[in-house]
Amino acid sequence: MTNITIIDTGCANLSSVKFAFDRLGYNTEITFDLNKIKSADKLILPGVGTANAAMYNLQERQLIETIQNLTQPVLGICLGMQLMTEFSEEGNVPTLNLISGKTNRIPDTGLPLPQMGWNRVQFVKNCPLFDGIVQNSHFYFVHSYAVSPNEHSVAISNYGVNFSAAIAKENFYGVQFHPERSGKNGALLLKNFVEKVPF
């Protein structure tokens, strides 16, 4: 059985992420224990709230260096994906610098912010997270900040402007949407992370 650990970032959506894995039949544990995090097979970095509050929590829990040195697969969700980049304009805070890119506020194009609801996702590179998921499938988003498309983007979406819906580099993967709120496609993505992403 794969040992899946949800990193306790002190944010609000930890239990909903855990329930999503429970529904798929996977055992998960929410923790900020450094030894449990280091020994996990796969890790989830969830996030809801602001980048500066999340980085403060990670610093207080001595998790920043631990996360930066992980060699097993890590999936960042929503703010968790944004924390994987170099810097967030939200609070003007340096983030984990796991994947190049910056997180910026979505520009005003007349659409309401935050983006809240279903949006189409276009895969631009092969990625095991999306195995069996149809191109241009819909996923559920809630966000006002986003990562511009770059060389690490594996999927993009559009909300007035294009942005990275998913990024990946080495063992680090991130999705801007909430798979735990994205129905069968989100469930399949989480299953793919457990069963298809190598470790």
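Glycine is treated like the rest: Cβ placed from N, Cα and C.
Its own atom aside, the Cβ of C78 (active site, nucleophile) has 28 Cβ atoms within 10 angstroms in the protein chains shown. Summarising the annotation, Swiss-Prot assigns active site, nucleophile to C78 and lists sequence analysis as the type of evidence.
Per Swiss-Prot, the feature active site maps to H178 (among others); the stated evidence is sequence analysis. In the three-state DSSP assignment, the secondary structure recorded for H178 (active site) is coil.
As annotated by Swiss-Prot, active site applies to E180 (among others).
The annotation domain 'Glutamine amidotransferase type-1' is assigned in Swiss-Prot to 3-199.
Here the domain 'Glutamine amidotransferase type-1' (3-199) returns a mean pLDDT of 96 for the predicted model.
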